[in-house]
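Quick look at what TrEMBL annotates:
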- 32-48: transmembrane segment (TRANSMEM)
- 60-78: transmembrane segment (TRANSMEM)
- 84-103: transmembrane segment (TRANSMEM)
- 112-132: transmembrane segment (TRANSMEM)
- 138-157: transmembrane segment (TRANSMEM)
- 169-187: transmembrane segment (TRANSMEM)
- 199-217: transmembrane segment (TRANSMEM)
Amino acid sequence: MKRKWSFIGLFLLILTVDLVFKNYEHLAGYRIVSKPLVIISLLVYYISNSRSLEKDVKNPILVALVLLIIGDFCFLAFENDIFFNLGFVAFMVANFFYFKAFLANTDFNFKLLIPFWILCGVYFFVMLSYLYLSIDLYLMPMMIFFIIMVSMANVALMRYKMVNNSSFYFVFIGTLFYLYSISLIAFDKFDMPVTYQYTLEMASYGLGHLLIVLGMLEEKQTK
(Lines of atoms letter the chains of each structure in order from A and count residues from 1; the text may use other names and numbers.)
(Lines give C-alpha, C1' and ligand atoms only; values in the text may rest on other atoms or scores of the structure.)
Protein backbone atom coordinates (compact mmCIF):
# COMPACT_ATOMS: atom_id res chain seq x y z
CA MET A 1 0.00 0.00 0.00
CA LYS A 2 2.84 2.39 0.91
CA ARG A 3 4.54 1.62 -2.40
CA LYS A 4 1.31 2.35 -4.26
CA TRP A 5 0.88 5.77 -2.66
CA SER A 6 4.55 6.58 -3.25
CA PHE A 7 4.05 5.84 -6.93
CA ILE A 8 0.86 7.93 -7.08
CA GLY A 9 2.78 10.85 -5.56
CA LEU A 10 5.59 10.44 -8.11
CA PHE A 11 3.12 10.13 -10.96
CA LEU A 12 1.25 13.30 -9.93
CA LEU A 13 4.58 15.13 -9.74
CA ILE A 14 5.48 14.04 -13.30
CA LEU A 15 2.01 15.03 -14.50
CA THR A 16 2.25 18.44 -12.79
CA VAL A 17 5.64 19.13 -14.38
CA ASP A 18 4.20 18.29 -17.80
CA LEU A 19 1.22 20.56 -17.14
CA VAL A 20 3.60 23.42 -16.36
CA PHE A 21 5.57 22.77 -19.55
CA LYS A 22 2.34 22.59 -21.57
CA ASN A 23 1.01 25.90 -20.26
CA TYR A 24 4.18 27.93 -20.88
CA GLU A 25 5.19 28.21 -24.52
CA HIS A 26 8.90 28.77 -23.82
CA LEU A 27 8.99 25.45 -21.90
CA ALA A 28 6.91 23.44 -24.37
CA GLY A 29 9.98 21.85 -25.98
CA TYR A 30 10.66 19.89 -22.80
CA ARG A 31 7.40 17.99 -23.29
CA ILE A 32 9.20 15.62 -25.66
CA VAL A 33 10.46 14.10 -22.39
CA SER A 34 7.78 14.97 -19.82
CA LYS A 35 4.64 13.81 -21.65
CA PRO A 36 5.86 10.31 -22.66
CA LEU A 37 7.26 9.99 -19.13
CA VAL A 38 3.69 10.14 -17.78
CA ILE A 39 2.80 6.85 -19.51
CA ILE A 40 6.31 5.38 -19.18
CA SER A 41 6.01 5.68 -15.39
CA LEU A 42 2.68 3.82 -15.55
CA LEU A 43 4.22 1.13 -17.76
CA VAL A 44 7.11 0.55 -15.34
CA TYR A 45 4.75 0.41 -12.35
CA TYR A 46 2.37 -1.91 -14.19
CA ILE A 47 5.13 -4.32 -15.23
CA SER A 48 6.46 -4.53 -11.68
CA ASN A 49 3.02 -5.17 -10.15
CA SER A 50 1.13 -7.27 -12.72
CA ARG A 51 2.77 -10.67 -12.27
CA SER A 52 -0.36 -12.18 -10.71
CA LEU A 53 -2.71 -11.07 -13.51
CA GLU A 54 -3.99 -13.46 -16.15
CA LYS A 55 -2.29 -13.08 -19.53
CA ASP A 56 -5.54 -12.15 -21.29
CA VAL A 57 -5.71 -9.09 -19.01
CA LYS A 58 -2.02 -8.35 -18.46
CA ASN A 59 -0.66 -8.46 -22.02
CA PRO A 60 -3.23 -6.20 -23.75
CA ILE A 61 -2.66 -3.47 -21.14
CA LEU A 62 1.10 -3.70 -21.71
CA VAL A 63 0.63 -3.34 -25.46
CA ALA A 64 -1.80 -0.44 -24.99
CA LEU A 65 0.65 1.49 -22.80
CA VAL A 66 3.54 0.95 -25.26
CA LEU A 67 1.36 2.19 -28.14
CA LEU A 68 0.35 5.26 -26.14
CA ILE A 69 4.03 6.10 -25.62
CA ILE A 70 4.68 5.71 -29.36
CA GLY A 71 1.66 7.91 -30.07
CA ASP A 72 2.92 10.60 -27.70
CA PHE A 73 6.31 10.70 -29.44
CA CYS A 74 4.62 10.96 -32.85
CA PHE A 75 2.45 13.87 -31.71
CA LEU A 76 5.29 15.76 -30.05
CA ALA A 77 8.47 15.05 -32.00
CA PHE A 78 7.19 15.61 -35.51
CA GLU A 79 4.70 18.41 -36.08
CA ASN A 80 3.27 17.36 -39.42
CA ASP A 81 0.20 15.52 -40.65
CA ILE A 82 2.00 12.24 -41.39
CA PHE A 83 3.18 11.78 -37.83
CA PHE A 84 -0.08 13.13 -36.43
CA ASN A 85 -1.83 10.37 -38.38
CA LEU A 86 0.65 7.75 -37.11
CA GLY A 87 0.07 8.93 -33.55
CA PHE A 88 -3.68 8.85 -34.16
CA VAL A 89 -3.46 5.24 -35.37
CA ALA A 90 -1.25 4.26 -32.40
CA PHE A 91 -3.86 5.66 -29.99
CA MET A 92 -6.67 3.95 -31.88
CA VAL A 93 -4.95 0.55 -31.67
CA ALA A 94 -4.08 1.18 -27.99
CA ASN A 95 -7.78 1.71 -27.31
CA PHE A 96 -8.53 -1.63 -28.98
CA PHE A 97 -6.11 -3.38 -26.62
CA TYR A 98 -7.70 -1.65 -23.62
CA PHE A 99 -11.03 -2.92 -24.97
CA LYS A 100 -9.59 -6.45 -25.22
CA ALA A 101 -8.33 -6.36 -21.61
CA PHE A 102 -11.62 -5.05 -20.22
CA LEU A 103 -13.57 -7.67 -22.16
CA ALA A 104 -11.99 -10.53 -20.18
CA ASN A 105 -14.47 -10.10 -17.30
CA THR A 106 -17.76 -8.69 -18.55
CA ASP A 107 -21.51 -9.28 -18.47
CA PHE A 108 -23.72 -8.01 -21.31
CA ASN A 109 -26.47 -6.10 -19.49
CA PHE A 110 -28.86 -4.21 -21.79
CA LYS A 111 -30.49 -2.34 -18.90
CA LEU A 112 -27.11 -0.91 -18.02
CA LEU A 113 -25.85 -0.30 -21.55
CA ILE A 114 -28.81 1.27 -23.37
CA PRO A 115 -28.88 4.52 -21.29
CA PHE A 116 -25.10 4.75 -21.67
CA TRP A 117 -25.33 4.29 -25.45
CA ILE A 118 -27.90 7.09 -25.62
CA LEU A 119 -25.70 9.43 -23.57
CA CYS A 120 -22.67 8.64 -25.74
CA GLY A 121 -24.70 9.19 -28.91
CA VAL A 122 -25.90 12.60 -27.70
CA TYR A 123 -22.35 13.53 -26.63
CA PHE A 124 -20.89 12.58 -30.02
CA PHE A 125 -23.67 14.40 -31.91
CA VAL A 126 -23.08 17.62 -29.95
CA MET A 127 -19.30 17.36 -30.39
CA LEU A 128 -19.62 16.67 -34.11
CA SER A 129 -22.03 19.58 -34.59
CA TYR A 130 -19.32 21.91 -33.28
CA LEU A 131 -16.47 20.33 -35.25
CA TYR A 132 -18.24 19.43 -38.50
CA LEU A 133 -17.09 22.43 -40.57
CA SER A 134 -13.46 22.09 -39.42
CA ILE A 135 -13.04 18.33 -39.40
CA ASP A 136 -13.01 17.84 -43.21
CA LEU A 137 -11.01 14.70 -44.17
CA TYR A 138 -10.82 13.55 -40.55
CA LEU A 139 -14.57 12.91 -40.31
CA MET A 140 -14.41 9.17 -40.99
CA PRO A 141 -11.26 8.51 -38.88
CA MET A 142 -12.80 10.50 -36.03
CA MET A 143 -16.01 8.49 -36.23
CA ILE A 144 -14.06 5.20 -36.18
CA PHE A 145 -11.95 6.45 -33.27
CA PHE A 146 -15.03 7.52 -31.34
CA ILE A 147 -16.74 4.16 -31.94
CA ILE A 148 -13.67 2.39 -30.54
CA MET A 149 -13.60 4.75 -27.54
CA VAL A 150 -17.30 4.23 -26.82
CA SER A 151 -16.88 0.46 -27.22
CA MET A 152 -14.03 0.62 -24.73
CA ALA A 153 -16.21 2.57 -22.29
CA ASN A 154 -19.03 0.07 -22.84
CA VAL A 155 -16.92 -2.93 -21.89
CA ALA A 156 -15.57 -0.98 -18.90
CA LEU A 157 -19.20 -0.56 -17.82
CA MET A 158 -19.93 -4.24 -18.52
CA ARG A 159 -17.41 -5.19 -15.82
CA TYR A 160 -19.99 -4.07 -13.23
CA LYS A 161 -20.51 -6.81 -10.61
CA MET A 162 -18.13 -9.08 -12.53
CA VAL A 163 -15.10 -7.66 -10.72
CA ASN A 164 -14.54 -6.04 -7.33
CA ASN A 165 -15.95 -2.53 -6.86
CA SER A 166 -12.64 -0.67 -6.63
CA SER A 167 -11.42 -2.18 -9.91
CA PHE A 168 -14.71 -1.44 -11.67
CA TYR A 169 -15.00 2.18 -10.56
CA PHE A 170 -11.33 3.01 -11.14
CA VAL A 171 -11.39 1.61 -14.68
CA PHE A 172 -14.78 3.05 -15.64
CA ILE A 173 -14.08 6.54 -14.29
CA GLY A 174 -10.59 6.43 -15.80
CA THR A 175 -12.07 5.54 -19.19
CA LEU A 176 -14.49 8.49 -18.98
CA PHE A 177 -11.60 10.84 -18.13
CA TYR A 178 -9.67 9.47 -21.10
CA LEU A 179 -12.68 9.92 -23.41
CA TYR A 180 -13.00 13.52 -22.20
CA SER A 181 -9.30 14.21 -22.85
CA ILE A 182 -9.58 12.85 -26.40
CA SER A 183 -12.56 15.14 -27.01
CA LEU A 184 -10.51 18.14 -25.86
CA ILE A 185 -7.62 17.11 -28.12
CA ALA A 186 -10.07 16.99 -31.06
CA PHE A 187 -11.34 20.51 -30.29
CA ASP A 188 -7.76 21.79 -30.04
CA LYS A 189 -6.64 20.06 -33.26
CA PHE A 190 -9.50 21.62 -35.21
CA ASP A 191 -9.01 25.12 -33.78
CA MET A 192 -11.87 25.18 -31.28
CA PRO A 193 -10.08 25.14 -27.91
CA VAL A 194 -12.10 25.38 -24.70
CA THR A 195 -11.37 27.38 -21.55
CA TYR A 196 -8.38 25.97 -19.63
CA GLN A 197 -7.86 23.65 -22.61
CA TYR A 198 -4.28 22.57 -21.89
CA THR A 199 -4.76 21.95 -18.18
CA LEU A 200 -8.00 20.00 -18.57
CA GLU A 201 -6.69 18.00 -21.54
CA MET A 202 -3.52 16.74 -19.89
CA ALA A 203 -4.97 16.37 -16.38
CA SER A 204 -7.84 14.19 -17.64
CA TYR A 205 -5.49 12.22 -19.91
CA GLY A 206 -3.01 11.47 -17.12
CA LEU A 207 -5.56 10.78 -14.39
CA GLY A 208 -7.61 8.63 -16.75
CA HIS A 209 -4.72 6.29 -17.51
CA LEU A 210 -3.64 6.25 -13.86
CA LEU A 211 -7.09 5.09 -12.77
CA ILE A 212 -7.25 2.48 -15.54
CA VAL A 213 -3.88 0.99 -14.57
CA LEU A 214 -4.63 1.01 -10.83
CA GLY A 215 -8.05 -0.51 -11.47
CA MET A 216 -6.70 -3.32 -13.61
CA LEU A 217 -4.02 -4.13 -11.04
CA GLU A 218 -6.71 -4.42 -8.36
CA GLU A 219 -9.00 -6.62 -10.46
CA LYS A 220 -10.55 -9.62 -8.74
CA GLN A 221 -13.35 -11.66 -10.27
CA THR A 222 -16.59 -11.75 -8.26
CA LYS A 223 -18.44 -14.22 -10.54
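Each residue, glycine too, has its Cβ placed from N, Cα and C.
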Quick one: find which recorded stretch in 112-132, 138-157, 169-187, 199-217 has the most Cβ pairs under 8 Å with the transmembrane segment (60-78). 199-217
Is it the case that the transmembrane segment (32-48) and the transmembrane segment (199-217) touch, counting contact as three or more CB pairs under 8 Å in which the residues of each pair are 6 or more positions apart? yes
Can you find at least 3 Cβ pairs under 8 Å between the transmembrane segment (112-132) and the transmembrane segment (199-217), where each pair is 6 or more residues apart in sequence? no
Cβ-Cβ under 8 Å with the transmembrane segment (199-217): same-chain residues at least 6 beyond its ends: 4, 8, 11, 15, 18-19, 22-23, 35, 38-39, 42, 45-46, 49-50, 53, 57, 61, 65, 68, 98, 101, 166-181, 184-185, 188
